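Per Swiss-Prot, the features are as follows:
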BINDING   Gly46, Ile47, Gly48, Lys49, Ser50, Thr51, Lys75, Asn216, Arg217  ATP binding site
BINDING   Ser50  Mg(2+) binding site
BINDING   Cys131, Cys165  [4Fe-4S] cluster binding site
Amino acid sequence: MNIPLRIGGCASGPGCGDGEGSVQVATDPLLAIETAKVFAVYGKGGIGKSTTSSNLSAAFSKLGKRVLQIGCDPKHDSTFTLTKRFVPTVIDVLESVNFHAEELRAEDFIFEGYNGVMCVEAGGPPAGAGCGGYVVGQTVKLLKAHHLLEDTDVVIFDVLGDVVCGGFAAPLQFADRTLIVCANDFDSIFAMNRIVAAIASKAKNYKVRLGGVIANRSAELDQIDNYNNRVGLKTMAHFRDLDAIRRSRLKKSVIFEMDPSPEILAVQAEYMHLAETLWAGTEPLDAMPLKDREIFDLLGYD
């Protein structure tokens, strides 16, 4: 089963109509994830997507759900707090068998973490070469081949930075909802606007829709609220800039493993509420991105 690279326009089918002259990774329709709720987590680089994704995975697991988290970043640190270590990536293990995928066992690339959360790190191609979308496609292909998606309730893709090229937008082809992690500042909101544009493009041909915003490392929400009200987004959860959250990552722990304190318990409750809301189902948001100049004007820049 090949994962072809589709360049430029095409007549019809998945991967088409995503923008004239664009380079898109067209995923085989047989790789669709149909048995689980699938979320793709995006946001500005360094905004805390991996911490957010891992804590959300843990929250889903505490609801009794069978969870799979897929890290889509060459740094392969998405599942670090769930597994307490850096696990081998799919690309690493494929390279070890000269890319003969049939020689791999499930335990070579999938690892159990906190409270039974299953963890995979897709990894990425060498710097300056290859395509991240191909890596994501091959990861899902392996999971399907080993029947690892059949008993899964929730899949979370934790995606590299705010890159929304045809490659790292590939998880959008599998997702039901996209969650955007954002801080209450211009750079984060500017990145969020680009992600909103990518979702609007992908939604023409795939089932993915915007789920909402996860405000992170932010005392206030005024800038996020201004943007949300303008484009049609909603904030689903709000996590302040707390030292306790930073310490949890330094301790290789999800937030539910930290010693209880009022602020820790409040963060845990917010993650549980977010997981419950997402599991119950959310209405898709039909947000429309702003032009760059409009964002400057909206947020008070001359």
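Glycine residues also receive a Cβ, built from the backbone N, Cα and C atoms like all the rest.
Note that the structure is predicted; figures quoted are calculated from it, not measured.
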**Request:** Give the distance between the Cα atoms of Cys131 ([4Fe-4S] cluster binding site) and Lys75 (ATP binding site), rounded to the nearest whole Å.
**Result:** 15
**Request:** Could you tell me which three-state DSSP class Gly46 (ATP binding site) falls into?
**Result:** coil
**Request:** Return the residues near Gly48 (ATP binding site), defined as same-chain residues 6+ apart in sequence whose C-beta is under 8 angstroms from its C-beta, sorted by sequence, else 'none'.
**Result:** Val181, Asn216, Arg217, Phe239, Ile245
**Complete:** If we take the residues Gly46, Ile47, Gly48, Lys49, Ser50, Thr51, Lys75, Asn216, Arg217 that the record assigns to ATP, their largest CA-CA distance in Å comes out at 22
**Request:** Under 8 Å Cβ to Cβ from Ser50 (ATP binding site), same chain, six or more residues apart: give me those in sequence order, or none if nothing qualifies.
**Result:** Gly71, Asp73, Asp77, Ser78, Thr79, Phe80, Thr81, Asp158
**Item:** Cβ neighbour count within 10 Å of Arg217 (ATP binding site)
**Value:** 20
**Asked** CB neighbours of Lys75 (ATP binding site) within 10 A?
**Response** 15
**Item:** Where Lys75 (ATP binding site) falls in three-state DSSP terms
**Value:** coil
